[in-house]
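> My questions will all concern the structure given below.
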Amino acid sequence: MSRVYNFSAGPSMMPEWVLKKASNEMLEYGATGQSVMEMSHRSKEYEAIIRSCESLLRELMNIPDNYKVLFLQGGASSQFAMIPLNLMTKNHKADYVTTGQWSKKAMAEAKRYGTVNEVASSADKTFSYIPDVDAMKFDPEADYVHITLNNTIYGTKWPKLPETGNVPLVADISSMALSEPLDVSKFGVLYAGAQKNMGPAGLTVVIIREDLIGEPQEGTPTMFQYKIHADNGSMYNTPPTYSIYMCGLVCQWLKEEIGGLENMKKINEEKAAILYDFLDHSKLFKGTVEPGSRSLMNVPFVTGDEELDKKFVAESKAAGFVNLKGHRTVGGMRASIYNAMPVEGVKALVAFMKKFEEENA
Ligand SMILES: *Cc1c(COP(=O)(O)O)cnc(C)c1O
């Protein structure tokens, strides 16, 4: 067996430690005589799995006690509707900052449920930067402010958080969850589809301040009400049991093998620096993002020649570096280097890029 270096934006690489542990426990979890997949979500064995996942998340992310952790389904995309349905309930308006396709989709969905004000956008330069955070003027009457903290497609990350006063800050952290420490108390809601950095697809994690869990807009379907899920410990219906178990293993890996999110951040910074350093000095490749807005997780780059980009994607794939093709709206290439991508994977990619550059410059 030879495993490839997988640079997919999501679903993406999982830590080998996690896959091996899951594989050891596949046929029989503990002494239960069954796989986690086969367990009743109401069993005491499964109750221990979901609560352990939650307590590890709380410990790793230092989540304050007045926040609930919800394990939901429907992806980050369902949160685009759940957030306005549950939070646009006082003044029926919200502020959005557009920094890419995902924030655009989030804003479009919110428009169905109230008045949306676009505070800033980086659409003018294909979302290759984060607009000046200090220049943003937020509406003090807004029910919340929505941002996408790391933009998966364009490879940007907010260099700092906006000051929103008493207005709750809601952030999509799908492509950077658990990649570095975050001060949860600065946010009203954090949400993420798990399939980038937290585990397999099928699980959506929502971290929400308790005072924001109230009566939703009239007509909100039961399954789209935070209150229902919070009151039932994410067990109102069958949760994505196996994905939650896997997320728990990822958290265990982060705690025991990596040593927490400070250490994870150092490793992620080391990986990103290797790639950005090379891009900044290459005669053939160049990064597409302004230096002050660069993501640690998603690194888009181009040669400037579409044919050469295609050749690079094909040759890199044959050499065991897969899913490097960029998003259709940016073109070129994108290397997603989430937590599970080892430093060696990034070094090997850069060595391959150097060789390609010599052969094609
Ligand atoms: C992948 C992604 C999404 C979409 O997630 P789904 O779980 O597929 O709905 C939304 N926002 C960001 C930032 C993403 O990276």
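A Cβ is built for glycine as well, from the same backbone N, Cα and C atoms used for every other residue.
Since the structure is predicted, the reported quantities are computational estimates derived from the model, not experimental observations.
Quick paste from TrEMBL:
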type	residues	note
BINDING	ARG42	L-glutamate binding site
BINDING	ALA76, SER77, TRP102, THR152, ASP172, GLN195, ASN237, THR238	pyridoxal 5'-phosphate binding site
DOMAIN	4-349	domain 'Aminotransferase class V'
MOD_RES	LYS196	N6-(pyridoxal phosphate)lysine
> Rank the binding-site residues SER77, THR152, GLN195, ASN237, THR238 by the number of other Cβ atoms within 10 Å of each Cβ and report the first-ranked residue.
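The residue with the densest Cβ neighbourhood is THR152.
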> Want to know which recorded positions, from ALA76, TRP102, ASP172, LYS196, THR238, are within 10 Å of the residue listed as 'L-glutamate binding site' at Cα; which are they?
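Those close enough are THR238.
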> Rank the recorded positions ARG42, LYS196 by the number of other Cβ atoms within 10 Å of each Cβ and report the first-ranked residue.
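Compared across ARG42, LYS196, the most Cβ atoms within 10 Å surround LYS196.
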> What is the one among the binding-site residues ALA76, ASP172 whose Cβ has the most other Cβ atoms less than or equal to 10 Å away?
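Highest number of other Cβ atoms within 10 Å: ASP172.
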> From ARG42, ASN237, THR238, which binding-site residues have a C-beta atom under 6 Å away from some atom of ligand 1?
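Qualifying residues: none.
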> Counting across all protein chains shown, how many other Cβ atoms sit within 10 Å of the Cβ of TRP102 (pyridoxal 5'-phosphate binding site)?
22
> Tell me whether ASN237 (pyridoxal 5'-phosphate binding site) sits in a helix, a strand or coil according to DSSP.
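Once the DSSP labels are grouped into three classes, ASN237 (pyridoxal 5'-phosphate binding site) ends up as coil.
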> Which whole number is the mean pLDDT over the domain 'Aminotransferase class V' (4-349)?
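Computed over the domain 'Aminotransferase class V' (4-349), the mean pLDDT is 98 on the 0 to 100 scale.
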> Any idea what DSSP makes of THR152 (pyridoxal 5'-phosphate binding site), helix, strand or coil?
coil
> Report, in whole Å, the straight Cα-to-Cα distance of LYS196 (N6-(pyridoxal phosphate)lysine) from SER77 (pyridoxal 5'-phosphate binding site).
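Distance (Cα to Cα, whole Å): 14 Å.
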